[in-house]
Structure formats: C-alpha cells, structure tokens
Amino acid sequence: MSNVTHQPKIGFVSLGCPKNLVDSERILTELRTEGYDVVPRYDDADMVIVNTCGFIDSAVQESLEAIGEALNENGKVIVTGCLGAKEDQIREVHPKVLEITGPHSYEQVLQHVHHYVPKPKHNPFLSLVPEQGVKLTPRHYAYLKISEGCNHRCTFCIIPSMRGDLVSRPIGDVLSEAKRLVDAGVKEILVISQDTSAYGVDVKHRTGFHNGEPVKTSMVSLCEQLSKLGVWTRLHYVYPYPHVDDVIPLMAEGKILPYLDIPLQHASPRILKLMKRPGSVDRQLARIKQWREICPELTLRSTFIVGFPGETEEDFQMLLDFLKEARLDRVGCFKYSPVEGAGANELPDQVPEEVKEERWNRFMQLQQQISAERLQEKVGREILVIVDEVDEEGAIGRSMADAPEIDGAVYLNGETNVKPGDIVRVKVENADEYDLWGSRV
C-alpha cells in the first residue's frame, strides 16, 4: 500500500529591498521544512503568498499589481510585508485577498497557510532543506539581517510605522547564522538592517554569547567576530554615528571589506533639518577625509534625495558642492516622491516635477563624471574580484568596491575557467562611469 500523499504547493512573489528578501527566505525555509513544495508558476500552486513593499508610491503600485496578478492567475492569495501594514488600502483594491499580515509576521503567515492548505504528513529528518535555509540569492553570497525596525523618524520615510522601532537580533543568533552560511559555501556576507550602526542600542549593547564566549551586542563587535569567518563582509545602511569611526581600522586591516554604504540624503543643513536627519556637512567632509587617510582603499556609497519640499536652487547647489568635495565612489539619487503617511507631505513649497527632473539630471551628470574619474584611477592596478556569472564569452564579477545589483561590475572577457564564488586577482585594463574590464593575473 502506498504512503504517497499530495505535496501541497505554494507560489511565492517577493518584492522590495534586501531586508524583504530575507523575510521571504525565512518564510520559504519554514514552508520547506514543513514539507510544502515551492513552485514558480501560479497555476501549479495551491496558494500564493505575496511579500509586498510599501516604501514609495511606485512600490505600492507594483505590490498592488502583483497581488492582482496572483488573484487573477490563482485566486487564493495571502499578502504580507510592508504594504500589509495598510490592510484597508489593499482591501479597497483587492477585497478577495484571503489574509493580510504586516512585515516580519512569519508565524501569522504560516498559520494562515496551515488554515487554507493544511500541512502535509512530513518527516523533518528526511527534509531536503539545507542547514542554512532557503536562499533567494546565488549560493556564494547572502544577506544577513541583524535587526528590524528603526528609531529614526525621517519625514520622507514611513518604515517605522510599518516595521516598528529598532529590535536587534541576539548577537549569538546572528553569528550562528553567519557560520551556517559560510559552512554552506557563502563567500560574501552582506550585513543589512534599517539602521546597521544602531545595532544593539535597544538592548543597551548588552553582552551576548557565541560558542560560550561573551560578545558585546554592537556593530563593531559584530564586525570583529564576522572577520574571523574568513569571507568578505560588506556593511550596508550605516548611519554616520560617531562610532562608525571605529570600524574604519578594521577595514584598513583587511578584516572586513573597505566599503561603507551611508545614506546621507542631502547636504543642505536646512533641508536635512526638514528631513529630521542628523548631519553637519563640514563635519561629514572632515570625517570622510579622515576615513580615507586611515583606509585609502575605502569605497563610499551613498543615496540622496533631490526635489525635497522646500529645496531651493541654493540648497541644491550645496548638494552639488558637497559631491564635488566628497568625491563619493558610488551614489544613488531619487527624485522626492510623496509617500502616504510621511510627514514631508505636509511641508510647504513642494517642488514642481519638472524642477525635480532637471535637478536629478544635473546631479547624475556630475556624479557620473566623478565616478568615471574614480574608476579611471584603478586602470593598471590589480584588484580582487568575486565571480558572479560565467558563460561562453567570459565571466562577470564584482570588486570589493561593488555590492550586488546596486553597484558596478568587473568584466573578464574570455575568462571561462572560473566558477561563481571564485575570488580571483585581476589587472584592470579599462573603465567607464560604472564598470571595469580586466584580465586574470
């Protein structure tokens, strides 16, 4: 007599930032552990989960469209993620959604799945789920989320209203996860959160334990511990608090990657105040100079907003002057977009769309020139490159200065004798505004 039973199948759509991706990985890991199959097609699935983003209006629209598509193609849909914090907004457009939960509501999502698609008979000891869990990234790099939520109340952002105040993960749990990832073949760990440099603030930097050893719950201690794993460690979403200075020597010593992703947002003191952002431009420029003196290889990435309510031509010019002085390596720029529930919506002197567009173009033109000059300095030098893709034409990878998906690439034309995850030494032969070309040494 056969014991084979139907294995329930779940479809999954993951939208938004790397932090959302980590939430998706956690839900998928739990589902696979319980014996559910995860399928890539709506019509094969018994139910679909949509993990949404709600950060800006375009993300809300994309999430609503994804929910609509899942409903049309399948009919049984559970919604989670940031937009899930605004249940009324979803129900107004899609009343047939079965259940809605907010972000990081893993247990609720699983309970809803159990209700509509009961758990299969399953022996967890025969599970094929890898020890590091289900990952949605290539196997040689992974995101490591160290905290949830944020204590800032920036006027352009609604993340705290969706994800709550800062909650740091126990440092022992974070380090154990990092060790599992490395044991599974991960060569690069990308540390993420809403506010990485605030890690441990909510628990007063209490002492945790890892492998029986006491470890302080702080960004610097975390970096010191991660450096012992022998893989690339990259820091994202680092607010420029004073103690950030303490990680620069670790970068200079080669313990973690010489890469800082610091969201500065603007350079006009008046606009920063309207944004409820900290920061003195002169102080920030002095720190950047000091950081580069300690760690000459340091790559600085940042993001900025142009066209924020009240931004004058004088304010914008301050931003351009800052770019010229700071000469940042990697920069993203967004035109201010009103987000429902954000305090900035109530500010006077909203900037016309055509002015936002014009300022964005001027900003990008200047930064492209700076980026091209910075990359040109690397021509003729030897750098380390982690390989991401290989085909018959060659390999594509990233240097220590490049995070996946948001930064540039290094092209190794004709280099086919490598595989994803390999770290190779490359001589840089050419550069443009964003990317490098070179040959393996």
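Cβ atoms are placed via backbone N, Cα and C, with glycine included.
Taken straight from Swiss-Prot:
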- Cys17, Cys53, Cys82: [4Fe-4S] cluster 1 binding site (BINDING)
- Cys150, Cys154, Cys157: [4Fe-4S] cluster 2 binding site (BINDING)
- 8-118: domain 'MTTase N-terminal' (DOMAIN)
- 136-373: domain 'Radical SAM core' (DOMAIN)
- 376-441: domain 'TRAM' (DOMAIN)
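Mapped onto three states, the DSSP output places Cys82 ([4Fe-4S] cluster 1 binding site) in helix. Compared over the binding-site residues Cys17, Cys82, Cys150, Cys154, Cys157, the count of CB atoms lying within 10 A of a residue's CB peaks at Cys82. Shown in sequence order, Leu15, Gly16, Lys19, Asn20, Thr52, Gly54, Phe55, Ala59, Gly81, Leu83, Pro103 are the same-chain residues outside Cys17, Cys53, Cys82 whose Cβ sits within 8 Å of the Cβ centre of the [4Fe-4S] cluster 1 site. Counted within 10 Å of its Cβ, the other Cβ atoms near Cys53 ([4Fe-4S] cluster 1 binding site) come to 22, all protein chains included. Cys82 ([4Fe-4S] cluster 1 binding site) sits 12 Å from Cys157 ([4Fe-4S] cluster 2 binding site), taking the C-alpha atoms as the reference points. For the pair Cys53 ([4Fe-4S] cluster 1 binding site) and Cys150 ([4Fe-4S] cluster 2 binding site), the C-alpha distance works out to 16 angstrom. When the alpha carbons of Cys157 ([4Fe-4S] cluster 2 binding site) and Cys17 ([4Fe-4S] cluster 1 binding site) are compared, the span between them is 14 angstrom. Rounded to a whole number, the distance between the Cα atoms of Cys17 ([4Fe-4S] cluster 1 binding site) and Cys154 ([4Fe-4S] cluster 2 binding site) is 18 Å. Of the chain residues outside the [4Fe-4S] cluster 2 site list Cys150, Cys154, Cys157, His152, Arg153, Phe156, Ile158, Ile159, Pro160, Gln194 have their Cβ within 8 Å of the site's Cβ mean position. Residue counts for the domain 'TRAM' (376-441) by DSSP state, with H, G and I taken as helix and E and B as strand, are 1 helix, 34 strand, 31 coil.
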